[in-house]
Amino acid sequence: MEDGLSSFWGPVTSTDRCEKNYVHSSYIAEFFNTISNVPGILLALIGLINALRQRFEKRFSVLHISNVILSIGSMIYHSTLQRLQQQGDETPMVWEVLLYFYILYSPDWHYRSTMPTFLFFYGVGFAVVHALFRFGIGFKVHYVILCLICIPRMYKYYIYTKDATAKRLAKLYIATLLLGSICGVSDRVFCKQISNWYFNPQGHALWHVFMGFNSYFANTFLMFCRAQQREWDPKIVHFLGVLPYVKIQKPKSQ
């Protein structure tokens, strides 16, 4: 969408979404697609504070930090619409899924050093290749495959979890994923029709908001499951009666 004020960042060289460019600011190409990442950052910071305060394993702190980095990368990409910034958004997406893969599968992995080593070099290799070559549909297919690999393990955690409140987190994870996907796909497929509407519902921006909550629910559920594995007596409680988080009680020996 090339409409709007002067382009501060130059001609668009990345994938352009269904939002008119430079309408609200001459410094932000896609205003709503940029600011819609703020909820994801705030939720990730809340998760990080909880992980640090209760001394969860470092993997969860890294996971929440990766959510922050991903959201910031998305903000930079949508505010500039430049190819380099788009790659800076897409590469952390893959890194984050690799981190989810490690958290999901490492507890039952017999050769403990092989998985992080493989995932590290896979992530570095992808970053190098992605910096050299521009992927279109290939990136999306690759990303979806990585996500699909995580699903069986998530489902296993779900069926082995007896706590109803924790199960509700998993259901919220699925619900936000579906709602976000509907908004994102609609924004992409029906862009021409939406562009003629008096009001643009900003489907891609809604995707960002839903995915911010989606990541938070996924992380909280995984923290609960890991605490169960470590016998930390986890419970799902709610901040101000609304936002769920994990509260644990470690044995004195730990």
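Cβ coordinates are placed from backbone N, Cα and C, and glycine is handled just like the others.
TrEMBL annotations: computationally assigned, not manually curated.
What TrEMBL records for D16, E19, N21, E30 is Ca(2+) binding site.
According to TrEMBL, the transmembrane segment annotation covers 31-49 (among others). Residues 17, 19, 23-25, 60-61, 64-65, 67-68, 70-72, 74-75, 78-79, 202, 204-206, 208-209, 211-213, 215-216, 219-220, 223, 239, 243, 245 of the same chain lie 6 or more positions beyond the ends of the transmembrane segment (31-49) yet place their CB under 8 Å from a CB of it.
The annotation transmembrane segment is assigned in TrEMBL to 61-81 (among others).
There are 25 other CB atoms within 10 A of the CB of H208 (Zn(2+) binding site), with all protein chains counted. What TrEMBL records for H78, H204, H208 is Zn(2+) binding site.
According to TrEMBL, the feature transmembrane segment maps to 93-111 (among others).
Long-range contacts of the transmembrane segment (118-137) within the same chain: residues 83, 87, 90-91, 94-95, 98-99, 101-102, each at least 6 residues beyond the stretch ends and with a Cβ under 8 Å from a Cβ of the stretch. According to TrEMBL, the feature transmembrane segment maps to 118-137 (among others).
Residues of the same chain lying 6 or more positions beyond the ends of the transmembrane segment (143-160) and with a Cβ under 8 Å from any Cβ of it are 90, 93-94, 97-98, 100-101, 104-105, 167, 170, 218, 221-222, 225. According to TrEMBL, the transmembrane segment annotation covers 143-160 (among others).
Among the features that TrEMBL reports, transmembrane segment is placed at 172-190 (among others).
Per TrEMBL, the feature transmembrane segment maps to 205-225 (among others). Here the transmembrane segment (205-225) has Cβ contacts under 8 Å with residues 19, 32-33, 35-37, 39-41, 43-44, 46-47, 50-51, 56, 60, 63-64, 67, 71, 74, 100, 103-104, 154, 157, 161, 163, 166, 169-170, 172-173, 176-177, 179-181, 183-184, 187, 234, 236, 244-246 of the same chain, all six or more residues outside its ends.
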For H78 (Zn(2+) binding site): intrachain residues, at least 6 apart, with Cβ closer than 8 Å: R17, I28, A29, E30, N33, T34, N37
Between H204 (Zn(2+) binding site) and E19 (Ca(2+) binding site): CA-CA distance (Å): 9
C-alpha spacing of H208 (Zn(2+) binding site) relative to D16 (Ca(2+) binding site), in angstrom: 15
Cβ contacts under 8 Å made by the transmembrane segment (172-190) with residues that lie 6+ beyond its boundaries: 17-18, 201-204, 206-207, 209-211, 213-214, 217-218, 221
Cβ atoms near E30 (Ca(2+) binding site) (within 10 Å, other residues, all chains): 28
Env. residues of Zn(2+) site, Cβ within 8 Å of mean position of H78, H204, H208 Cβ: R17, E19, E30, F32, N33, T34, S36, N37, S74, A205, W207
